[in-house]
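Student: Okay, here's the structure, questions in a sec.
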């Protein structure tokens, strides 16, 4: 594998490539920060630029947008409680409380550094373990995806501890949203009320932006203090985030591995990995770390996972020719456009290109580490702006980011509707995150259940005949029993008063 | 919703407070209870008509939603009992909420969305921003200045750099493309 | 004061737009599927066309309702030439025939035809049950409904062509829909599917792992995009569809009410774009064959396709019944 890197080195280490990668990271960060636009839209919108560049710098730039876009969403989540992308929906659990406690710069710095380090871990796995993981990914078929989706849905109970029932209802709403649209098996229109605008369901991003950004704008206006000049800690460039990160070595490594794993399985996705990694970190944490109230570990867990996922997702893309997620599908399209076909051929016929992409990915993360640290105070300074300026800006950016997805005004109405739904849910103490988890995993769960049954020659047996699926389902079962047990115990009279305000 | 008044609390002193607090609980409950009802209704009507409500996994688009809906009904019932007996604990009310102002901005944004397709982004956006900034307490001078800057910067980024076609409206307006 | 400014700006912009020549702003191409490799093919053409016109032509992915959502979205916009429909055959011809859309191909003004791609039946390279296409059919005959295959999504073109082949050969296999054909190929390689119906793009990225048993077309050129694999006709199977009918293709379209001079300008610039050598080469490299039909050929080419597709639709219905009876 090192010879690959060597072959690609001359293509990647030149001023042109370096500049484009840096610009890509910067552009990606900004696109990630803007509510609505994420790495996928960033790549799609800037792809035409890449047509006119030489292959390696072009891929370097697109991959850099992918990396920056995956990290950037955390910044708005931390500072404004508005996740810039669904990937960062779990980052605000602890990132926002951290900022509220006056540690905005620490939180942003930590998010950037854990993203970069997580990305680098994912990158090392990509470089050295690609063939192994790619082989493993091939053993993931519909039954395994179904079992995995159930596991993801069960984490709802973990992230909404203290109000498990409300979490389940919110998750149910998410599952329902995922059912709206054209059923992919019968092509029947389901729950669309005969409107073609709903024929692919409400757009996930419009829902996320509405739930979090719009409801937050509403809350902030209600709370008042719109003209007060916020008191923010002095912001300066420091490398203290790296020191903090060093205290979370185990968490960092585990989360990076979770992220890489989920990336390597096509179709699992970074947002899911962030939630699962967060839930795991929270379960394994000591009580005094106080997850949900500004724990550093929470930011590390989500950000390391969702950026490691980028490296993971490149594994099947490059070594199997099967994209790991929607963003890598577009990256793959770009690579083909530039004249190179991913898959084993790429490594054999164009080792310089394969190596160049590896280097571009590693370099992108290194640049993210540097840029993220340098820019943390700049982003943090957003908090100095008075709310009377800031809130209209958030509203307009949310509107533009959501509109840009499909050039659709209808999506803006969806966004507004979910702003109101999010507001009601928050006032009634419902957690919002389960809704997102349900919506992301709903179609994975349903379609893979039905696909498994079609594939199976003997009904439900397919789930237990396959070792990996059986193992995951066993874990699901244990988790379910544990959750039911703890819910029943906590809803006894003595436990009732203990129900605390849910996570956002 | 009827539940709000019905379950107002006895002690007059906290009545206003509590009514508000559980008002949102009930509102949310009604919303969640409506989902399974909607699923059952659609499965029996629309999906049935399309011939997608029976058969095996390839032909039946209704079974999985109905399973999820049934599970939700269980939780909805338990939740109903819990709210009825005050076993839930919504977050504490923050004092002195300025709801009228927030509602006004919401209505303003709705008007913006209604007008967007016909009047266009480049006319309505500076208006929206200026009025919103003014209603959040800035002076007209500052609001207008802020709105213009915000509108131009955002238009430049989305229209100029990202090549998004923003709603042009009847005047066919575009600034940076 | 501010109103005055806005008004002034509006008047200035409006007046400039009256006198300006089309196009004076960016154009959108409404693309009916999710982002991915196929979208890149449209982006290549859009990019070249944008250069001809001097504005940006952006490709907007609007998936849903088997492609018809994109059509409806585009038809909802004004007929001013700023919205192009990426007219794939499924939403253009097939969905109306299935009763899922209420237009015919005559309801649009055509620009140029873009690309076409044929479909092929492929198995794992090392699957020794199927030495050739005949072996696959024989195996399917001995095990009715037992083989599992994926044409990607159901009721679309690849599904139709595969169903037609099986109807002609009187065999049936269990269809398993996948929204992304890439994932079906992954499960084929993982051993859970027995065969897939692919396009040349998929073949090119997976050619070390796949073996093409039969190309579902009657055109010799189609075989070339699959490394010279045999046409299905060489196994004495009558596809019952000729030319473009069993293929995926797209023809860029605009709203019927678009002013003639605007339409002419778009037709002209697209014609120049698809005639460029580097555009053709890029498309070919990706496995898409540039068609090169101009607007004048539209009716002549599309009408027979529409007639041929009817038999394919019947084949899907046949497959459904047959699968039920084997259960």
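Using N, Cα and C of the backbone, Cβ positions are placed for all residues, glycine too.
For A:19-437, the entry in TrEMBL reads domain 'DUF112'. Per TrEMBL, the feature transmembrane segment maps to A:20-47, A:59-80, A:107-129, A:136-158, A:203-221, A:326-347, A:359-384, A:469-488.
Map these features onto the structure and tell me what's around them.
Tutor: Within the chain carrying the transmembrane segment (A:59-80), a Cβ under 8 angstroms from the stretch's Cβ atoms is held by residues 12, 17, 20-35, 37-40, 42-43, 46-47, 49-50, 53, 86-89, 91-92, 95-96, 98-99, 104, 107-108, 111-112, 115-116, 119, 213, 216, 270, 299, 302-303, 306-307, 309-310, 314, 327-328, 331, 334-335, 338, 353, 356-357, 360-361, 363-365, 367-368, 372, 379-380, 382-383, 390, 394, all 6 or more beyond its ends.
Listed as Cβ neighbours of the transmembrane segment (A:107-129) (distance under 8 Å, sequence separation of 6 or more from its ends, same chain) are residues 1, 4-5, 67, 70-71, 74-75, 78-79, 91, 95, 98-99, 238, 240-242, 244-245, 248, 252-253, 255-257, 259-260, 263-264, 296, 299-300, 303-312, 314-315, 318, 358, 361-362, 364-366, 368-369, 371-373, 375-376, 379-380.
Residues of the same chain lying 6 or more positions beyond the ends of the transmembrane segment (A:136-158) and with a Cβ under 8 Å from any Cβ of it are 164, 167-168, 170-171, 175, 264-268, 272, 275-276, 279, 282-283, 315-316, 320, 322, 433-434, 437-438, 440-441, 444-445, 448-449, 451-452, 455, 462-463, 466, 468-469, 472-473, 475-476, 479-480, 483, 487.
Remote same-chain partners of the transmembrane segment (A:469-488), defined as residues 6 or more beyond its termini with a Cβ less than 8 Å from a stretch Cβ, comprise 143-144, 146-148, 150-151, 154, 157-158, 164-165, 462-463.
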Student: Report, as numbers and ranges, every residue of the chain located at least six residues beyond the transmembrane segment (A:326-347) whose Cβ falls under 8 Å of a Cβ in that stretch; write 'none' if there are none.
Tutor: 4, 39-40, 43-44, 47, 50-51, 55, 58-59, 62-63, 66, 69, 310, 313-314, 317-320, 353-354, 357
Student: For the domain 'DUF112' (A:19-437), provide the mean pLDDT of the predicted model.
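Tutor: Across the domain 'DUF112' (A:19-437), the average pLDDT comes out at 89.
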